[in-house]
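Marked as active site, proton acceptor by Swiss-Prot on the basis of similarity to another entry: Ser90. The substrate binding site annotation in Swiss-Prot covers Gly91, Ser92, Asp251, Gly256, Thr257.
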Amino acid sequence: MRSTKVIHIVGCHAEGEVGDVIVGGVAPPPGKTVWEQSRFIASDETLRNFVLNEPRGGVFRHVNLLVPPKDPRAQMGFIIMEPADTPPMSGSNSICVSTVLLDSGIIPMQEPVTRMVLEAPGGLIEVEAECRNGKAERISVRNVPSFADRLNASLEVEGLGTITVDTAYGGDSFVIVDAASIGMKIEPGQARELAEIGVKITKAANEQLGFRHPEKDWNHISFCQITEPVTRDGDILTGVNTVAIRPAKLDRSPTGTGCSARMAVLHAKGQMKVGERFIGKSVLGTEFHCRLDKTLELGGKPAISPIISGRAWVTGTSQLMLDPSDPFPSGYRLSDTWPNMPE
């Protein structure tokens, strides 16, 4: 068996969404900050293509690269690679990374609770892991500051007409739309149509509304979050959502950054108060338990500090290799599984 490279991966999923973790075989990319390192990964694309493209990956997969932290307060840094983006932050991926770090012993586990600080490209995140019998059973993450951007904006979408949307940031950027307003219901049997409509809405939102982060070089809307109405039981709000990820797939988890963005919008509209909780439910019925912990400012904008809580499970280990005679060293994409590819 010969190979010019060997990349060691621990497989993981958080509430259904795959977030594998590279634990060896890749040198840290250049950059003075984790954000700069993530921009190198995004522009270079060599690693992204190798681990995400077929035959080694697929559109279903997210992969995280562990890197030494740049901030002395953090125990570990990580860079998130999604099918179409290398984002500032991801809730499900941060839960996967935390679980792999503890379950594999890379960071020593302390039962019943392990606390650590991780450095995502978008900033530091505080992690609290509930641990028992050598397993990180639940991960709570204090997400990066999240904020509402545009509220009740009108958006023209081909085939849908004029719809009303909100835009917000929860560690990544979202256009948020009510499912009923576009004639949809969030259920597994409508996954393909939800994904395709969501990507179409994202494209229209980028063209007509745009987005600009006040501090990071993040100037586009990444995702469409399709929601069903929130219900309230005391100080607990519950809402079903699904997030369409380019090129056209649905997040299997409730999307931690999406829940954070949705809480920011609910707070901006006066529908959620500090200290209240939000249960986000995915298309699979899995849940993230969230809390609006406090308010703050980000670059002069009112923002919230959300906490996301969910579970993740290690699914296996693997080694990705490259035989020097392999005709597809960067892999490949076909439109049967990578929709909306340019012709």
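Here the Cβ of each residue, glycine as well, is placed from N, Cα and C on the backbone.
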Checklist entry - If you measure every Cα to Cα pair among Gly91, Ser92, Asp251, Gly256, Thr257, the residues listed for substrate, what is the largest value in Å? => result 11
Checklist outcome for this item: Sequence-ordered list of residues in the chain of Ser92 (substrate binding site) that lie 6 or more positions away and have a Cβ within less than 8 Å of its Cβ, or none, is Ala14, Glu15, Glu17, Gly19, His62, Asp251, Ser253, Thr255, Gly256, Gly310, Ala312
Next on the checklist: What does the structure give for the C-alpha distance between Thr257 (substrate binding site) and Ser90 (active site, proton acceptor)? Integer Å is fine.
Outcome noted: 6
Next on the checklist: Helix, strand or coil for Thr257 (substrate binding site)? Use DSSP.
Outcome noted: helix
Checklist entry - Quick one: what's DSSP say for Ser90 (active site, proton acceptor), helix, strand or coil? => result coil
Checklist entry - Within 8 Å of the centroid of the Cβ atoms of Gly91, Ser92, Asp251, Gly256, Thr257, which other residues of that chain place their own Cβ, given that this set defines the recorded substrate site? => result Ala14, Glu17, Ser90, Asn93, Ser94, Ile95, Gly171, Val243, Ser253, Pro254, Thr255, Gly258, Cys259, Phe288, Ile308
Next on the checklist: For a quick check of packing: other C-beta atoms within 10 Å of the C-beta of Thr257 (substrate binding site), how many?
Outcome noted: 33
Item to check | In the chain carrying Gly91 (substrate binding site), residues 6 or more apart in sequence that have Cβ under 8 angstroms from it | outcome: Ala14, Val141, Asn143, Gly171, Ser253, Thr255, Gly256, Thr257, Gly258, Cys259, Ser260, Phe288, Ile308, Gly310
Item to check | Other CB atoms, at most 10 A from the CB of Gly256 (substrate binding site) | outcome: 33
Checklist entry - What count of other C-beta atoms do you get within 10 angstroms of the C-beta of Asp251 (substrate binding site), across all chains shown? => result 28
Next on the checklist: Return the count of C-beta atoms lying within 10 angstroms of the C-beta of Ser90 (active site, proton acceptor), excluding that atom itself.
Outcome noted: 32
